[in-house]
Amino acid sequence: VALLLLLGAALGSARAAVHFQEQFLDGAKWRKRWMNSEYKPDFGKFKLTAGKFYGDPVLDKGLQTTENSKFYAISSRFKPFSNKGKTLVIQYTVKHEQKIDCGGGYVKIFPSNLDQKKLSGDSHYYIMFGPDICGSDTKKVHVILNYKNKPHPIKKLIRCKVDGYTHLYTLIIRPDQTYKVKIDNEMVASGNLEDDLDFLPPKKINDPTVKKPMDWDDRIEIDDPNDVKPEDWDEPEYIMDTSAEKPGDWDDAVNGEWHYPRVKNPLYRGEWKPRQIDNPNYRGVWPHPQIDNPNYSPDYSIYSFENISVIGLDIWQVRAGTIFDNFLITDDEEYAEDFGDETWGETKGPEKEMNIKQTEEEQARERAMEEKYFEQRFKKKLERKTQSGRDRAVKNTVTKAEL
């Protein structure tokens with residue numbers, strides 16, 4: 001597998017511009033390439049590990065969060081480049097080994113002027129991409145692009161993976177202002193940046209000079225004119241409970257004059273409303289005429305960024321244990337797909353097999369412990385029963401002797 005990776009990198013470099021590639025294959029040397037932020041003194045710490053289960057003990061090593069309920073901030077710098085006129089591909093793997101309950105698994109791409117030692121949630125970034133999980137509501141993939149110093153999130157909901165295994169996340173941004181999001185080398189979302197992110201005002205707006213005609217009926221249903229309120233409908237919501245009796249210790253001077261308590265009227269049916277019928281005059285939703293928006297002007301450079309130079313992890317995690325690996329920034333979609341197949345693709349199967357085996361072994365140990373526990377309880381109970389029988393035999397012997 002290692003040879004495949006080297007061959008893939010060699011072949012790919014001839015046709016692809018690889019701006020950043022990190023697999024953590026050289027042990028502790030990663031610390032020279034990645035810088036921890038000093039913005040806060042209590043940032044969480046990373047360690048290099050393949051985790052509890054993996055497909056390959058070397059290839060699957062990545063940066064793992066190690067402390068619960070912590071912010072994390074770490075980054076790595078590369079030669080600045082611009083993606084103007086070129087495709088931009090951002091790709092990496094995430095493994096929520098701890099089956100995360102709340103925390104980020106996304107990356108951020110920064111300009112060259114980032115002070116890495118001061119990296120924080122307030123740092124200006126170009127792109128934020130990747131999974132974010134918190135409770136049952138948030139299980140999505142972020143795609144956020146900065147435009148005119150303002151972050152613009154994608155309007156589509158893209159679901160992320162939550163099964164605890166390693167997954168490959170890929171964001172592709174093309175010069176024609178289209179994008180594609182892939183998970184495990186399969187497309188899960190695509191579209192046009194201008195349509196799916198609110199960068200620009202809408203191209204068309206409602207014509208302010210035109211109003212809906214007065215006789216336009218857009219009510220789907222109306223009151224049935226033949227429906228009449230029943231004569232016995234009107235009943236008060238509350239009535240006096242005349243079956244109640246005045247308490248014997250009631251003092252009018254202290255408590256005031258006693259009255260029957262009010263109770264819910266079982267005959268109360270609420271406010272009467274006529275039943276609804278289809279409106280015979282319904283004409284549908286009025287189509288407001290549209291005009292070109294005078295405030296709209298196209299921008300064909302939304303996709304491009306200058307001096308892209310830093311990739312970083314700026315996240316919060318309640319339960320630590322996430323592993324980040326196989327980072328790649330390139331201009332070649334095919335190279336990225338091949339790189340994903342040669343890394344994540346080669347180890348995903350063995351990783352799952354190892355986890356299943358560990359789970360089965362753990363379940364077997366738990367069953368053995370349970371059996372041992374109940375066996376010990378049975379032995380103790382049997383011993384108590386045997387001892388009780390002996391005590392009764394001794395007592396009977398003494399009684400006969402005395403007799």
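A Cβ is built for glycine as well, from the same backbone N, Cα and C atoms used for every other residue.
Among the ranges 135-159, 210-234, 260-284, the stretch that TrEMBL annotates as region 'Disordered' is 210-234. Cβ neighbours of Asp132 (alpha-D-glucoside binding site) (same chain, under 8 Å, six or more residues apart in sequence): Gly103, Gly104, Gly105, Tyr106, Thr138, Lys140, Val141, His142, Cys160. The Cβ of Cys102 (disulfide bond) lies under 8 Å from the Cβ of Ile133, Cys134, Gly135, Gln317, Val318, Arg319, each on the same chain and at least six residues away in sequence. Note: the alpha-D-glucoside site is recorded as Tyr106, Lys108, Tyr125, Asp132, Asp314; in the same chain, Gly104, Val107, Met128, Phe129, Gly130, His142, Ile144, Gly312, Leu313, Ile315 also have Cβ atoms within 8 Å of that site's Cβ centroid. If you draw a 10 Å sphere around the CB of Asp314 (alpha-D-glucoside binding site), it holds 24 other CB atoms from the protein chains shown.
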